[in-house]
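Please read the structure below before turning to the comments.
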Amino acid sequence: MSATEIDFYEVLGVSRDADGAAIKSAYRKLAMKHHPDRNPGCKDSENTFKAISVAYDCLKDPQKRAAYDQYGHAAFQNGGGPGGAHGNADFGDIGDIFETIFGSAFGGGGGRARPRRGADLRYDMEIGLEEAFHGKSSEIEIEVSKACDTCHGSGAQPGTHARTCNLCGGQGNVRAKQGFFVVERPCPNCHGAGEVITSPCRDCRGEGRVDVPQKLEVDIPPGVDTGTRIRLSGKGEAGPRGAPAGDLYIFVHVKPHEIFQREGTTLATRVPISFTMAALGGSIEIPGLDGEELTLEIPAGIQSGKQLRQRGAGMPVLQGRGRGDMVVEIAVETPTKLTKEQRAVLEQFRDLETGDECPQSQGFFEKIRTAFGG
Ligand SMILES: [Zn+2]
Ligand SMILES: [Zn+2]
């Protein structure tokens, strides 16, 4: 820990194994002493007061305290530790406060170089609708860069150590004058790491990471859809020189199905039925994705385009309970090949038509007659 990083425990004057009560009491005493109301106009007290508030805010929360114990201040800076790009927002807020208070109040130049988190990885997985329905456990193989075993991720040949970069003094960035402005940019000597490796590890050539094919068991939960991302925390690339690993994201793509179209949790399909079934009624069987045959009652007199909704026969709700619906659209099929006998029977039927059996057609032709004064 460099001089510009003020330890939260030191700020509160407690030991690293102090319990919650001890931390709280230390904070109260200090807060009382340095409260701005008691020290009007005193900048030092104000800064100290802010510092103890930030330190207490971190240490009173067991989760944040654990992150701090593990990663130090990097836990609350962007890209570091569990508060990284995908971490929870609480850490981000503290990061900002940390920057303004610890960066300025204690005269530091922004602290040490931040340990960069490893990159997130993407893996595209194509699955069938049945698999999306049931969920599945699948083994995938990806090339992941992992911390090098030989140097334990440091990048330095065992027995040697990285030394502080003398160009940037370990800051990781350098200041340069550009016209009227002073700009900060990554140090060209250490590329922002703040350290230079003099004898690079031979196995990873100083990277601290090696690429290895890795087999991973991935659980695809029931109900996933195209666009679902499954995050495997810490399964991405190892960070450079021992920094935390990134995450692995499984991007799910569900292949089109021969029978069902899917819209969220709704499964839709179009079922052709014969004109006799449409007229007389009956029942049809549809193979459901759960392997059960679904029996659908067709009421007599059904029309083409009518949608029958079957509650709870659709896709499972992702990470929830229950299932969506199945919507079956009926398409009445007009026969195209008739035997002589069938034709004769139909002609007989036609002769028996009164017009009342098809009110829609009758109504339509009546409208035409009135419109054209027939
Ligand atoms: Zn190595
Ligand atoms: Zn440097």
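Cβ coordinates come from backbone N, Cα and C, glycine included.
Automatic, uncurated: that is what TrEMBL annotation is.
Features as listed in TrEMBL:
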- C148, C151, C201, C204: Zn(2+) 1 binding site (BINDING)
- C165, C168, C187, C190: Zn(2+) 2 binding site (BINDING)
- 135-213: domain 'CR-type' (DOMAIN)
- 148-155: repeat 'CXXCXGXG motif' (REPEAT)
- 165-172: repeat 'CXXCXGXG motif' (REPEAT)
- 187-194: repeat 'CXXCXGXG motif' (REPEAT)
- 201-208: repeat 'CXXCXGXG motif' (REPEAT)
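Annotated features, which come from TrEMBL, shown on the structure.
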residue: C148; record: Zn(2+) 1 binding site; contacts (Cβ under 8 Å, 6+ apart): G155, C201, D203, C204, E207, G208, R209, V210
residue: C151; record: Zn(2+) 1 binding site; contacts (Cβ under 8 Å, 6+ apart): Q157, P158, C201, D203, C204, G208
residue: C165; record: Zn(2+) 2 binding site; contacts (Cβ under 8 Å, 6+ apart): G172, C187, N189, C190, A193, G194, E195, V196
residue: C168; record: Zn(2+) 2 binding site; contacts (Cβ under 8 Å, 6+ apart): V174, C187, N189, C190, G194
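When Cβ-Cβ distances under 8 Å to the repeat 'CXXCXGXG motif' (165-172) are tallied for each of 148-155, 187-194, 201-208, the top count falls to 187-194. Sequence-distant contacts of the repeat 'CXXCXGXG motif' (187-194), counting only residues of its own chain at least 6 positions beyond either end whose CB sits under 8 Å from a CB of the stretch, comprise 112-113, 116, 164-168, 170-174, 240-241. In three-state terms derived from DSSP, C187 (Zn(2+) 2 binding site) belongs to neither a helical nor a strand segment and is classed as coil. When Cβ atoms from all protein chains are considered, those within 10 Å of C201 (Zn(2+) 1 binding site) total 23, not counting its own. The Cβ centroid of C148, C151, C201, C204 marks the Zn(2+) 1 site; residues of that chain outside this set whose Cβ lies within 8 Å of it are D149, T150, H152, G153, S154, G155, A156, Q157, P200, R202, D203, R205, G206, E207, G208, R209, V210, given in sequence order. Listed in sequence order, the binding-site residues among C148, C151, C168, C201, C204 whose CB lies under 6 angstroms from an atom of ligand 2 come out as C168. In the domain 'CR-type' (135-213), helix, strand and coil residues by DSSP number 0 helix, 35 strand, 44 coil. Among the binding-site residues C148, C187, C201, the ones whose Cβ sits under 6 Å from an atom of ligand 1 are, in sequence order, C148, C201. In terms of local Cβ density within 10 Å, C190 ranks first among the binding-site residues C187, C190, C204.
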